[in-house]
Amino acid sequence: MSGFQRIAVLGSTGSIGDSTLDVIARYPERFGVYALSAFSRMDKLAAQALATGAAVVVVPDNNAATRFRQAWSPSRALPEIRVGAQALADTAADAGCDTVMAAIVGIAGLPAALAAAQSGKRVLLANKEALVAAGSIFMSAVRQSGAELLPIDSEHNAIFQCLPQGERAGAPSTPAKTVRKLILTASGGPFRRHSPEDLQDVTPDQACAHPNWSMGRKISVDSATMLNKGLEVIEAHWLFAMPADRIEVLIHPQSVVHSLVEYDDGSVLAQMGQPDMRTPISYGLGFPERLDAGVSPLDLAKWGRLDFETPDLERFPCLRLSYEALRAGQAACVALNAANEIAVAAFLEGRLPYPWIARVIDAALEWQAGRPSVTLDHLTDVLALDAQVRAYAGNLGLA
């Protein structure tokens, strides 16, 4: 995208938002912040809006709006404060911005990400649920509007870089020619060497202690269970039109190789770099040009060795369940994600033992499989099913 970009950073107070604003600040002649959004950290949102000169902030409710005003500097004019979920979606589609960083965690980020796609924006997609829960709807919106879709997850960004995509980012309907398979790497998280028995008494702080990446608590737990990698398998299916049996996962504890693409001639292309989200973010902002993101160079001699291994599905049942959901269809993927969000929230609150996260997901998938089939042609259909699964998971007596 040439010219000055006006950017809406949705989920600006999270780790992806922080990294995005860091990259934007390096290029004031190329990028400006139009809008920011946050759910709870109004002090931080106010500081970000002051620093960037954002014209708009979006907050979840009137109470948050009051807290934002209280945190604001009296010497500066207030930005426009928009309130609620509809305001968030409207901002993503706003003519005032060209590019949307969709970095809100969970299903809550889906409507705004979809609105950005429907309005033909450059969409920097860091919200997994847009594709996991609504892949068909989302990719159809990208095709119909002509939006640019650039994946920001380090694994999908790596695959995108290794594919012959040319100068355009969109929504393919068939796999790239001559590509045999996609290989997503995973660190294995903090419990890579733990037996299933060792996981009975895992605490939230232990699960959130990721060895390589700095992330929020929910996604850190997802990384520990490898449900995060399962969601990324589903994402890869939609982003690259690749069937499940041509998407593999490799544990790579150093997180230096971010993903690989294997071609029909036996060649394997890998994208490597420091485990720093500013690299994929800068790639998305600057595409097709590469920008200096402030990331230190990769010193392979210093690393010395890189290790790879096949994931143990007994240790990581959530990865197995994710493949099962992808093969079962979109409704199962909605159930997978919704049940996981309920289970992880309960675990983080101390109400659910760590091993029961997978059990809640498994039970929800069985429940969904036993129900009449549903049509998921519209966002309202997806959100209705999501709510039903959440209610079921919350009433299991487990969450």
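Cβ coordinates come from backbone N, Cα and C, glycine included.
What Swiss-Prot records for this protein:
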BINDING   Thr13, Gly14, Ser15, Ile16, Asn127, Glu129, Gly216  NADPH binding site
BINDING   Lys128, Ser154, Glu155, Ser187, His210, Ser223, Asn228, Lys229, Glu232  1-deoxy-D-xylulose 5-phosphate binding site
BINDING   Asp153, Glu155, Glu232  Mn(2+) binding site
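Sequence features, as recorded in Swiss-Prot, placed on the structure.
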residue: Gly14; record: NADPH binding site; DSSP (3 states): coil
residue: Lys128; record: 1-deoxy-D-xylulose 5-phosphate binding site; DSSP (3 states): coil
residue: Asp153; record: Mn(2+) binding site; DSSP (3 states): coil
residue: Gly216; record: NADPH binding site; DSSP (3 states): coil
residue: Asn228; record: 1-deoxy-D-xylulose 5-phosphate binding site; DSSP (3 states): helix
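The Cβ of Ile16 (NADPH binding site) lies under 8 Å from the Cβ of Met101, Ala103, Ala126, Ile152, Met277, Ile281, each on the same chain and at least six residues away in sequence. Ranking the binding-site residues Asp153, Glu155, Glu232 by Cα distance from Ser15 (NADPH binding site) puts Asp153 first. Report note: the Mn(2+) site is defined by Asp153, Glu155, Glu232, and the residues of the same chain whose CB lies within 8 Å of the CB centroid of those residues, excluding them, are Lys128, Pro151, Ser154, His156, Asn157, Leu184, Asn228, Lys229, Glu235, Ala236, Ser259. A sphere of 10 angstroms centred on the C-beta of Asn228 (1-deoxy-D-xylulose 5-phosphate binding site) encloses 24 other C-beta atoms. For Lys128 (1-deoxy-D-xylulose 5-phosphate binding site) paired with Asp153 (Mn(2+) binding site), the C-alpha to C-alpha distance reads 8 Å. If you take the CA of Asp153 (Mn(2+) binding site) and look 10 A around it, you hit none of the binding-site residues from Gly14, Gly216, Asn228. Note: the CA-CA distance between Glu232 (1-deoxy-D-xylulose 5-phosphate binding site) and Glu129 (NADPH binding site) rounds to 10 Å.
Recorded residues Asn127 (NADPH binding site) and Asn228 (1-deoxy-D-xylulose 5-phosphate binding site) have their alpha carbons 12 Å apart, per Cα-Cα distance. Long-range Cβ contacts of Glu155 (1-deoxy-D-xylulose 5-phosphate binding site) within its own chain (separation 6+, distance under 8 Å): Leu184, Thr185, Glu232, Ala236, His258, Ser259.
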